[in-house]
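Annotated in TrEMBL:
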ACT_SITE  194  active site, nucleophile
BINDING   222, 223, 224, 225, 244, 245, 246, 247  substrate binding site
């Protein structure tokens, strides 16, 4: 029997002027999700089940960018995506373009368990969801008043906004004064708030899951790294990894898979593997990740100003943090 470990994240890149109240709300949500996962692990729930349980909780709370509270597309609607992976046999499931499924992570799990495929998207994924009898809601359920207001600001600035949670009073300045590039094109502040969870249970089984609404004012049909196995999510017999950040950079670097590959091919531990991919695989992109190993280790890594994150181990260690 090994030792369990768990980590959760709520996105990499944080507005330096984020109100204290918002910071505390994020810490409370991450703590609640950690405690939910810890209780399940103490009851010998499997890693894959704990990942789904925790990500569902994150999707249900509107604080972060997944499920209810997801970022809005250019048309003011929500298109969500999620993926989940069981490292034991490297089984996986992913969905994109989800508009009515209350918990996309559970639909991804059903794709893995109940379909012959690994990835379903848009109308096909929605039809599969109806056949599986998952909970369906109107798209308006996912839309929050805060995000409607932020989309209006972003459209006025003619930009794609990463940090759609920046206080309204400074959002306009942030959009115009802090440009960065995505695939060579200017966008604004970098601070997406994708959610994710990684778990290793007492049997040494690793699992990972990631869920997001994507970018505020994104083009209809845009797919990021979160549902892409090997990019935003990966789990093997060695580790489980969930990424967050500049999706296009994560996709180019296949960031999550690289952690496992470095461990496998270079024979290094989890910390060294995470440090290596964060330093050498992101080029000029910004991102973060959480990871666990089959030895019960847990590591968080990022190359930006901060990442909403929390982790805990069977040895009694528990931490919830935001900044470096």
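Including glycine, each Cβ sits where the backbone N, Cα and C put it.
Remember, TrEMBL labels are computer predictions, not curated facts.
Overlay of TrEMBL feature records on the structure.
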residue : record                   : contacts (Cβ under 8 Å, 6+ apart)
194     : active site, nucleophile : 9, 10, 11, 64, 65, 66, 210, 211, 212, 224, 226, 232, 244, 245
222     : substrate binding site   : 73, 79, 214, 215
223     : substrate binding site   : 81, 96, 97, 121
225     : substrate binding site   : 231, 232, 243, 247, 248, 250, 251, 255
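By neighbour count, meaning other C-beta atoms within 10 Å, the densest spot among the binding-site residues 224, 244, 245, 246, 247 is 244.
Across the residues annotated as binding substrate (222, 223, 224, 225, 244, 245, 246, 247), the two Cα atoms farthest apart lie 16 Å from each other.
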